[in-house]
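Straight from TrEMBL, the features:
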DOMAIN    82-105  domain 'Glucose-methanol-choline oxidoreductase N-terminal'
BINDING   Val222  FAD binding site
DOMAIN    257-271  domain 'Glucose-methanol-choline oxidoreductase N-terminal'
Amino acid sequence: MHDVIVVGAGSAGSVLAMRLSEDPNCRVLVIEAGDVPTSEDLFPTAARFSANREATTVPNHPNTWSYELSITSDRRWKTPRGKILGGSSAINGSYFVRGVPADFDEWAALGLDGWSYEDVLPSFRAIETDQDFDTHAHGTAGPIEVRRAANELLSPLSVGFLEACERSGFPVEPDKNAGSAPGAGLLPGNVTLEGFRSQPGVRCIVPHLGRSNLTVMGNTQVQRILFDGQRAVGVEAVGPAGDRTNFMADEVVLSAGPFNSPHLLMVSGVGPADMLRRAGIEIVQDMPGVGRDWFDDPCIWVPYRPTPELAIHRQEMFAPQAALNFDSGNAPAGDLEVILFAQPMGALGHAMCVILHREDSRGSMEIVSPDPGVPLRLAYNFGSAGRDIERLASAVATCLDIMHQSPFHDQIEEIAPHISQFYKDDTGLTTWVRDVFGATAHTAGSLSMGKSTSESTVVDRNLRVHGLENLRVADASVFPTPLHRGPFATTMMIGQKAAGLICDGDEKSSRQSAEGYLLASNGGVADGR
Ligand SMILES: Cc1cc2nc3c(=O)[nH]c(=O)nc-3n(C[C@H](O)[C@H](O)[C@H](O)COP(=O)(O)OP(=O)(O)OC[C@H]3O[C@@H](n4cnc5c(N)ncnc54)[C@H](O)[C@@H]3O)c2cc1C
């Protein structure tokens, strides 16, 4: 019997398990479907080096899950997620930028007390040690090492790009994690000087595997949540040898990511009743919000060829070095992003990634079988609402403008010809963008946090599943609205904050005072619905 079972040792689950198990009286069981290497050097190269793209480009890579979705009504798309200790943070771009203050203030305005920017800031600080800034906004003692490219690892391309942004009239944003106005600046990354990922699996779990109250099981996949009436009492899981075991606990937390957490709920009988019945699943709780209206950021890659002396490829170099955040001219502000990748991205070569944040389109998810091994039917439904495609196309136009601005323009020999043909041709550009855009894997919002009075929400402000006992969700699924930036740092913040919420406030505050993390991160939210 455990106090807490955490399902999934990904970006949020790893932080959560580390913080919970700081209390020697809290027995924590983490169940992870992927490998759990017991030391950093046992991680495969693909997961270890930030600049390595193998896990995301090799089909059926052993360290990834692969999902097939429809991206628009007439196009299919494949997207990976990490399946190894650290989850998607073991294969992601290591871009470590928080949501902006307005994102969290919007969450608080939805009635989610405890989630304003001021409330979540201590949790952001608690997860990081920022190597470059030591201000009120930054952490100095957290497990994740955060830095911006510097010295010989700062590519002249990044410097040229930032200068071109400035010459194009965009403001400078020197610290993208300070909550200041959007502009052009170096990107914070969770990377070491050697180019290793400073990711939560490595930094939050590996050093604490010796804790007697922390058990981490790898290659073990949770199949369903076990209920006694409306109370979660444990999970059923299948181990590496195919052995099926029930694990019991006082509380179950789903941290299996924005596709697998809702899938686990649905296969366990929690979801839209009609859909579950059609799939042959017995209902535990009708919950229309499960898997509904989730979101992802559409994106497009703009490849370029730098002059030969700048075409550097170094394993220790952090690739997404600089970014411009700016407005499409429509509300909400700061919805567009152009990221400069300063070294080749596998077969794609050097490229800029153009991203639309704050999209209006919403994804859908349908369960079709009671067998957890049968994939969900997933659709992004991009282009189904608002002006998402037009906004993304306007960002590509800005990206092309910057590529034609000195000094960046002098550093590149060629912009991909199939794209440069649309420079100054807005109509052709929009048509082309509609035909070829992709998705960033910034999926979130499939188990949205909100008041129980709203049909579309699933968890309350304390991350408890509405109407059920002893069951919470702590991962990217719970975002109530899309962010203005990538989701990774914010997802880790949710793991940190969840630990504070799970603990009985007063008792836990004193238990944690030696390290001070939970005390700092709880944000004073009373436990209740
Ligand atoms: C290729 C890629 C690149 C990205 N790049 C960036 C970036 O640079 N910056 C950024 O901000 N965001 C990026 N993202 C998004 C970001 O990484 C994710 O939003 C974030 O990691 C999500 O964290 P999570 O805890 O919700 O899920 P995950 O980190 O995916 O963790 C889920 C964990 O649960 C495990 N699991 C799933 N199902 C089960 C089960 N049934 N039983 C047991 N375990 C299970 C998984 O194996 C995994 O370890 C990227 C994502 C991808 C996939």
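Including glycine, each Cβ sits where the backbone N, Cα and C put it.
What TrEMBL says about a protein is an automatic prediction, not a curated fact.
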Exercise for review: For Val222 (FAD binding site), list the number of other Cβ atoms lying within 10 Å of its Cβ atom.
Suggested key: 25
**Study point:** Positions whose Cβ lies under 8 angstroms from the domain 'Glucose-methanol-choline oxidoreductase N-terminal' (82-105), at least six residues beyond its ends
**Key:** 8-11, 13-14, 32-37, 43-44, 46-47, 50, 55-56, 62-65, 115-117, 119-120, 124, 128, 144, 146, 176-177, 179, 182, 187-191, 197, 199-202, 205-206, 216, 218, 257, 318-320, 323, 332-334, 339, 441, 481, 483-490, 492-493
Revision key, fill the gap. Lying 6 or more residues past either end of the domain 'Glucose-methanol-choline oxidoreductase N-terminal' (257-271) yet within Cβ distance under 8 Å of it, the residues of that chain are 7-8, 10, 65, 67, 81, 87-88, 222-227, 279, 281-287, 290-291, 294, 365, 367, 370-372, 376, 378, 443-447, 458, 465, 468, 473, 475-477
Point to revise | Secondary structure content, the domain 'Glucose-methanol-choline oxidoreductase N-terminal' (82-105) (per DSSP, counts of residues) | key: 9 helix, 3 strand, 12 coil
Practice item. Summarise the model's confidence over the domain 'Glucose-methanol-choline oxidoreductase N-terminal' (82-105) as a mean pLDDT value. Key: 97
Study note, to complete from the structure: The DSSP breakdown of the domain 'Glucose-methanol-choline oxidoreductase N-terminal' (257-271) into helix, strand and coil residues is 11 helix, 2 strand, 2 coil
